[in-house]
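According to Swiss-Prot, the active site, proton acceptor annotation covers P2, on the basis of similarity to another entry. Marked as substrate binding site by Swiss-Prot: K33, I65, N98.
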Amino acid sequence: MPTFTVCTNVCRDSMPDTLLSDLTKLLAKATGKPAEYIAIHIMPDQMMSFGDSTDPCAVCSLSSIGKIGGPQNKSYSKLLCDYLTKQMNIPANRVYINFHDLNPANVGWNGSTFA
């Protein structure tokens, strides 16, 4: 159930129409989790600054039950920053990604939890 959230000051109109689908496929492959469980939440047009500049930037989070940790996070960071740079023109040095390894008992879905 990986969830990837992106808050950005980039306007919606400049984002590719395939953004959600692309990120879903990218994360399904990277995490080894089924695409059916991947959730993507993009919040464009945010009032944001990074380093006292309002140039394009993003603050993101990737949450998952498992598949989060040291070497994996470095790999995800590279993959996601590369995508955001290529598709949204956000330089990698203007992106923060917070990683969260979730306890299955604390994640609800379909009227129950993953525990």
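Cβ coordinates come from backbone N, Cα and C, glycine included.
Here the features listed in Swiss-Prot are painted onto the structure.
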residue : record                       : contacts (Cβ under 8 Å, 6+ apart)
P2      : active site, proton acceptor : L27, T31, K33, Y37, I38, A39, L62, S63, S64, K67
I65     : substrate binding site       : M1, D101, L102, N103, P104, V107, F114
N98     : substrate binding site       : V59, C60, S61, L62
| query | If you measure every Cα to Cα distance among K33, I65, N98, the residues said to bind substrate, what is the biggest one in Å? | reply | 19
| note | Within 10 A of the CB of K33 (substrate binding site), the number of other CB atoms across every chain shown is 17
| remark: N98 (substrate binding site), DSSP three-state class -> strand
